[in-house]
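TrEMBL has this to say about the protein:
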type	residues	note
TRANSMEM	42-63	transmembrane segment
TRANSMEM	83-106	transmembrane segment
TRANSMEM	113-137	transmembrane segment
TRANSMEM	157-176	transmembrane segment
TRANSMEM	188-208	transmembrane segment
DOMAIN	223-475	domain 'GP-PDE'
TRANSMEM	488-507	transmembrane segment
Amino acid sequence: MVKHQPLQVYERQLCLSCLTGIYGCRWKRYQRSHDDTTKWECLWSFILFCTFSLLLVWFYFWWEAHNDYSEFNWFLYNRSGEWSDGTVPILAATAAGFTYIAFLMVSCNCSVAVILHCGFIGVTVALLTTAIGVISVTQMWGEEWDVVWISLQATGPFLHIGALAAVTALAWLVAGQMARAEKTRFQVMVLLIYLSVLLTLYFIPLSITSPCIMERGSLKAAPAIIGHQGAPMLAPENTLLSFNRALQRNVSGLEADVTISLDGIPFLMRDRTLRRTTNVRRVFPDRQYDDASLFNWTDLSSLNAGQWFLKDDPFWTVQYMSTSERWSVGNQTVCSLEQMLKLAAKSKSSAVFTLRRPPANHPHRHDWVNLTLDTVLRSGIPQQQVMWTVDSNREMVRNMAPGLQQTSVQKLPLDTLHHKGISRVLLRYNQASAQDNNISLTLYSVNEPWLYSLLWCSGVPSVSSEAPQVLRKVHYPLWLMSPDEYCLIWICTDIISFAVVLGIFIFQKWRMSGMRSYNPEQIMLSAAVRRSSRDVNIMKEKLIFSGVVFIRCLDCHSDGTHSLLRIH
């Protein structure tokens with residue numbers, strides 16, 4: 001005898017069959033549409049990444065170029081004729097753009113489509129302005145890009161660790177994206193890109209070189225510090241007060257820029273005109289644009305060379321001065337070469353100066369070297385304390401003053417230097433190379449501790465600085481490690497990163513596979529076998545979490561019809 005099942009069982013099975021068909025169709029549709037990353041979104045992500053990378057390089061450039069902010073502002077002054085701190089708006093705009101793009105990068109992981117519509121204009125503006133900035137700096141200040149490669153010798157080992165930590169943390173997003181993606185090709189592409197970047201970071205220390213990776217016993221004495229224009233961050237440049245402030249910081253020498261006056265007196269002036277560092281606009285308004293060498297010494301002596309420092313505050317140091325210090329600064333006058341040499345002789349410091357030849361209509365256009373040499377000999381400073389940098393008539397100068405240290409401001413072959421009797425070289429810090437260790441070398445302008453430390457490890461004997469008060473606080477290189485220590489750090493960092501990345505991929509795979517194992521059919525079949533209400537609710541939550549519209553049977557009628565309630 002055949003045992004018939006109750007009518008309710010048939011109704012339940014019919015309801016289950018209906019729901020299973022509906023959910024199965026929706027689940028397949030969901031699987032096809034789950035990977036919603038369109039071609040436009042991929043293109044957007046690529047543009048966003050390129051903009052972020054460009055801004056990152058731009059930001060790093062200006063961060064490390066802090067050593068040469070004064071030089072940059074001087075370039076701007078020579079072009080515009082007005083003094084201003086041009087680095088402030090650049091840094092503010094760079095920081096704002098970098099923050100904005102970084103925010104978009106983070107938000108892009110949540111909703112690419114929304115950010116695509118909201119951030120397109122902002123990214124375009126950031127990309128264009130940064131590109132224009134890079135082109136402008138390259139044309140006006142191209143040699144400054146060398147600071148990036150030089151700074152990497154000081155920051156390379158630490159940037160490597162930071163980059164490796166960031167890419168290791170990125171494994172969480174990459175692993176999650178791979179686990180959710182339905183297209184095998186997409187998974188392989190993402191994995192290959194990520195692994196390529198990761199392996200590059202694992203082995204990039206093979207190309208990292210730094211003079212500070214050395215045995216501690218090989219470290220030479222600290223470079224001697226020469227006050228370039230005295231201590232121009234503490235007092236007006238090329239004034240007696242500035243040189244005295246530098247000597248108070250125990251500098252080994254003084255450096256200045258020299259021009260010949262109309263009546264043949266060498267005096268200290270960096271600019272072509274007197275507008276920036278004197279009150280010539282008020283005293284001689286009709287001559288304010290004239291070349292500084294077209295003023296006689298009497299007129300030059302009547303000018304104030306300190307009030308501009310209090311007004312412009314070029315290094316933001318005036319606020320820390322006392323009332324007496326401000327009074328002293330505000331009463332400085334133009335300094336002559338002889339005054340500086342006598343001060344150097346009294347303090348037993350070396351003296352180095354660069355000499356600008358007078359213009360064509362100047363009465364001392366042809367005897368400018370003789371006038372300067374006479375001033376040096378008349379000042380009473382020992383010849384061996386003077387670094388003579390003027391290349392014109394060098395043979396005559398060597399015959400008249402054989403004790404002077406003949407110094408070149410050009411990078412020449414070693415044989416040429418010896419042939420000319422040159423024993424010292426004065427170069428910008430980015431022009432030095434390993435072969436220069438065979439001659440006495442002075443590099444300018446070194447104002448930041450990281451650069452001073454790097455040159456210290458390189459064995460540079462002396463540097464010229466606008467910030468001697470800063471460098472005097474550096475009693476040892478900022479970092480120094482032996483090759484064995486660096487190798488140990490490198491290997492340990494790579495091992496830790498590999499273990500973390502592997503653990504993240506395994507965990508994400510397990511996490512997403514557990515979530516995928518519950519499709520609509522399984523959830524409804526499980527509900528049909530009288531599981532506990534708690535288990536059913538959990539499975540329903542997983543169904544809703546997976547993005548599928550939930551439909552439940554509201555009533556099963558005896559005639560076989562069903563009432564369905566749609567719940568979003």
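The backbone N, Cα and C atoms fix where each Cβ goes, and this holds for glycine too.
Where the annotation comes from TrEMBL, it is an automatic prediction and has not been curated.
The list of residues near the transmembrane segment (488-507) in space but at least 6 beyond its ends in sequence, with Cβ under 8 angstroms from a Cβ of it, reads 157, 160-161, 164-165, 167-168, 171-172, 175, 198, 201-202, 205, 481. Highest Cβ contact count with the transmembrane segment (188-208) among the listed stretches 42-63, 83-106, 157-176 falls to 157-176 (criterion: pairs under 8 Å). Summarised as a single figure, the pLDDT of the domain 'GP-PDE' (223-475) averages 94. Away from its own ends, the transmembrane segment (83-106) comes close to residues 48-49, 51-52, 55-56, 58-59, 62, 69, 72-73, 76-77, 115, 119, 122-123, 126, 129-130, 133, 276, 312, 314 of its chain (Cβ-Cβ under 8 Å, at least six residues beyond either end).
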